């Protein structure tokens, strides 16, 4: 401790105010804790400021532009449809600003103290918080680390004005004429699709056999087909990016496919090959917190580290880097600190891709269930047999419901189709609530809605489908 530096005491110190940190702080405050949040950048973290929210705003804008140009089959013809990309970016920023202001209001309303700066552990009960002009020591009874992650930088692709990470891609001032995306996961596919809808010529380089490798092949193949149908998208699988040559007006990317070296010229190259946990500048070694070789913090089922009063949540612990996973873990950690018997259960946590069509998955896939030796029923229902999907002109896709054969218990679901991101929540509820396929089939769903697809898939699972022939 620096001479003259009087420490400020708090019950629970939260490091990071992203979707995990600010939720943890609010829940801890609700449970009677005096809470302090330390945030080095902007409230809301990556998700709200340079991730989930702005990317979905950009995707929505691109989708609307695409629809305006291609609704001839409905009798709608629009001429001279144009994009003012400056206004698109201004609108996107307004969405973000409303939400960051909302987070600030929620923290204030719950009497959470917010401190700007970077926290560094001194010991297991104190941190040093530093900003540009000062430093202050904070002591705590418990701490929750929620510092998130950052994009991985490839050795031969150093970030610059032309070599972008996801943050840079969201901040472009112009619509690229041509964009190369390295990595066909959910981030690359979402951002690539958004720009392709604005008219950008898109080239995706994916190292695996399929884009979106975390999803079943039948699902990712639907997305691949829709992308290629646009006419301005190339997808190279089993491709290895080798290097980039930058010019003032663009880049030349070198890559290899099946031993053959190729090049492609573009305005920009976007790198989306994963994210790295932000655990390397916190002084975790000062308190002996155990981590993996990848910098992932080891935790138990209450998000507690090996140091009993220090917890970790979100992208810095095991599991997919999902905002809603971090928020869930934040609540669990706050409740554990308060002495409540809360434990994490990841089976009901969904994963979503805002592609075309959207993809969503929760619980077991058919392959995973079979690998574990489970006796299951995998029931499918197509979007093309649903009235609402037809009226929306969104007939690509299907729902697959995974149930346990012995009792019909819902243990998983996959959706490829319009509004899959909204539909998956009912299946998460089914898993969390221990519901059976019969429970869903007997639940009255409004007509005509996409939600009926869930009911229809459940009817298939119990052997009594109405709108498809057995």
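Along the chain as shown, residues are numbered 1 onward.
Cβ atoms here come from the backbone N, Cα and C positions, even for glycine.
Taken from Swiss-Prot, the feature active site, proton acceptor covers 447, and the record attributes it to similarity to another entry. Taking the Cβ of residue 447 (active site, proton acceptor) as centre and 10 Å as the limit, one finds 11 other Cβ atoms among all the protein chains shown. The DSSP secondary structure for residue 447 (active site, proton acceptor) is coil.
According to Swiss-Prot, the feature FAD binding site maps to 39, 40, 41, 42, 43, 44, 45, 46, 47, 56, 119, 315, 323. There are 29 other CB atoms within 10 A of the CB of residue 45 (FAD binding site), with all protein chains counted.
Annotated NAD(+) binding site per Swiss-Prot: 183, 184, 185, 186, 187, 206, 272, 273, 274, 275, in sequence order. Around the Cβ of residue 274 (NAD(+) binding site), 12 further Cβ atoms fall within 10 Å across all displayed protein chains.
Other Cβ atoms within 10 Å of the Cβ of residue 47 (FAD binding site), summed over all protein chains shown, number 24. According to Swiss-Prot, the disulfide bond annotation covers 47-52.
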Nearest-integer angstrom distance between the alpha carbons (Cα) of residue 272 (NAD(+) binding site) and residue 41 (FAD binding site): 22
Nearest-integer angstrom distance between the alpha carbons (Cα) of residue 185 (NAD(+) binding site) and residue 52 (disulfide bond): 14
Nearest recorded site to residue 274 (NAD(+) binding site) by CA-CA distance, among binding-site residues 41, 45, 119: 45
Between residue 447 (active site, proton acceptor) and residue 323 (FAD binding site), the C-alpha gap once rounded to whole angstrom: 32
Neighbour tally for residue 52 (disulfide bond), based on other Cβ positions within 10 Å of its Cβ: 20
Mapped DSSP class for residue 39 (FAD binding site), helix or strand or coil: strand
Nearest of the recorded positions (52, 183, 187) to residue 43 (FAD binding site), judged by Cα-Cα distance: 52
Least buried by Cβ count (within 10 Å) of the binding-site residues 41, 43, 119, 187, 323: 41
